[in-house]
Ligand SMILES: Nc1ncnc2c1ncn2[C@@H]1O[C@H](COP(=O)(O)OP(=O)(O)OP(=O)(O)O)[C@@H](O)[C@H]1O
């Protein structure tokens, strides 16, 4: 028989638990000794790599590089594992004992000391339950501080097989849930629950869709899945990369420590606001603008916008050939522009060459309409006659007709050569090249978006796709060079980027022909848009890089130095319920061949048209290229640019690990109003602390918020979130929409935060997405609920952020009842 004991004194001194801890400590010490040896081996390998480089041959440099690179990664992983190396033990019915830890540790003879948590042999640690013990009798979780085991927690899964086994525990798992929050998410590798483990180890192909209420560990699970995928399929996912997408930058800052703490530094973490190079979102649009900007019709609007002439484009082209002035007016130019766009979808910038050819065609045609070569000869003849008269008056010989012909003068009946000469002469003219550069400029996405700050231009681009009333506020949000970019704007920039095609890039291997190429103006080939660098660069002159330099370089690539849009092998999307169709299109471009992990809670969605977002998500996950017409090409499978629809595995997480049962009850009441049919998750931890709801006059809300925070500072040790309504005027639209009094401006928030310690964050309801705090103060739920059609869902997000204490401040007594009493 076994019995569960908590701190019971043993006959040999100390408690039974202390003795068990001492036993485990001895084992853990052995694991650390071996870890030390493994680190020494890795360091020796790094030194050996450098030693080989002294041999000096090229192949040894390459070998050294690979060796140093691998050894550096290994050393890094070993360092990370140092904290809490061993966290689990399984006692199996077969008498086998397995220890589970952050990485695998083996003796020099390859016998296992610790199993990596991601290895198949560790699966039982997370999956075994009393109903399905999978051969496990006792599961033990070890809690360590550094190298020291400080606590134990046992689960007896098969009491019948536990003869003589000691079982200790005092709810350490629940205690771990109640721990103080320090402002950054931590890994949960020691306490992953079965339903979470099933998601983490789900098949690597296709799509994994995870749903769950707030606090069910969706984010934690998604991040652990990344570590799992990179461990089990390093070759596949490590080389092409894994992208993790979160809703905003606060959120990515909050989760950025989890993967490194699991030994994974190779995944790319981005928010929706900084996925596009050189563009960073700093504001959220209000509901109306977000709906307009995020809707898929915006794709058609932008397609028309890039097809329109750029601001300042000249309206007339005028060249002179053989004395004949040839002109193209705006109408003709517009038709040429439309034709070039029709023929060069998806690569507007690269189409300048085609534009030049079409202009030359049109000029030649116009030249012929004006009488063609005959007129030119007549004009030339008249000009020569005039010159000859002047020359004769000075007693000089007439102009040499033959010499002029030798330079390419016009002759009867030579067809194509005439055209070739026409083209050559026109191209040489500065008026032509200057026109081309101004009329078909190489455009940048931000320039195009800013150009839509002009309501007339936006109206042209909108066609019938936008209501007239929507044009003014949209244009206002983009007008002016300094206008802040919103999260939705970033997806629009990506769309424009896809329409424009790649910007000019230096072609390194080509030498410049600036002297003899009339289309090279100021170092740029104006036909292709390519910069023509005068390069003397030779591949063999480049030094072989060290592995550290290579690591550094790949990080710089992540930081946005490389301009091309990367594609990933796997994409994780957190808070996916909030993505707009345009944002899905942006992600789809980065994962045309990717498998996906999508994490969402539809009940938290602030997005109004979920069906449209679903369609856009399906298109992105199916690997469809977003259609430039702004509608997904459903039903077209396996065609050019499409990948076969992938298997989708769906999971639901049902336990709330964040909120106390008391706080969960309040958020369940909001959910019941927001979405009556939705089921709240089951909270597992009762704190005995009831949430507080205080009614204060509207004008006192800010002061009451300060007081509530100061009170909480004395009650919790960790983070405090002061969550206020969304400030609509941030995106410059309040005056136009008049949706809300401008109470919670950034300036007002700064005043609220003034003088408060760092562990207090003042943020609006949208920024609070995905975060958690020891204590939260929610200000003006009535305003949050009324701010948008999805206001109640936004409020539901806000009230489910706190782990220990929740204070709500309202000016409306009705809300006190709503939050504190269950509806009959
Ligand atoms: N198995 C677990 N063991 C310990 N802590 C856990 C476990 N699962 C989740 N948690 C903790 O619960 C909290 C909530 O997790 P997480 O933020 O991943 O939830 P979520 O479902 O993404 O919530 P939201 O929808 O609000 O963003 C985190 O502090 C996380 O560390």
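The backbone N, Cα and C atoms fix where each Cβ goes, glycine too.
TrEMBL annotations: computationally assigned, not manually curated.
The shown structure was predicted, so the numbers you read here are calculated from the model rather than taken from an experiment.
Noted in TrEMBL for the protein shown:
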{"type": "DOMAIN", "residues": "191-660", "note": "domain 'UvrD-like helicase ATP-binding'"}
{"type": "BINDING", "residues": "212, 213, 214, 215, 216, 217, 218, 219", "note": "ATP binding site"}
{"type": "REGION", "residues": "401-420", "note": "region 'Disordered'"}
{"type": "COMPBIAS", "residues": "404-420", "note": "compositional bias 'Basic and acidic residues'"}
{"type": "REGION", "residues": "619-647", "note": "region 'Disordered'"}
{"type": "COMPBIAS", "residues": "628-637", "note": "compositional bias 'Basic residues'"}
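Taking the features listed in TrEMBL, we show where each one sits on the structure.
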residue: 212; record: ATP binding site; Cβ contacts under 8 Å, 6 or more apart: 218, 601, 652, 653, 654, 681
residue: 213; record: ATP binding site; Cβ contacts under 8 Å, 6 or more apart: 601, 603, 653, 654, 656, 671, 678, 679, 680, 681, 800
residue: 214; record: ATP binding site; Cβ contacts under 8 Å, 6 or more apart: 601, 604, 656, 658, 659, 667, 681, 796, 797, 800, 801
residue: 215; record: ATP binding site; Cβ contacts under 8 Å, 6 or more apart: 656, 657, 658, 659, 664, 681, 683, 772, 800
residue: 216; record: ATP binding site; Cβ contacts under 8 Å, 6 or more apart: 653, 654, 655, 656, 657, 681
residue: 217; record: ATP binding site; Cβ contacts under 8 Å, 6 or more apart: 188, 193, 196, 653, 655, 657
residue: 219; record: ATP binding site; Cβ contacts under 8 Å, 6 or more apart: 185, 255, 574, 599, 770
Contacting binding-site residues for ligand 1, chosen from 213, 214, 215 when the Cβ sits under 6 angstroms of any of its atoms: 214, 215
Cβ neighbour count (within 10 Å, all chains shown) around residue 218 (ATP binding site): 25
Secondary structure of residue 219 (ATP binding site) (DSSP, helix/strand/coil): helix
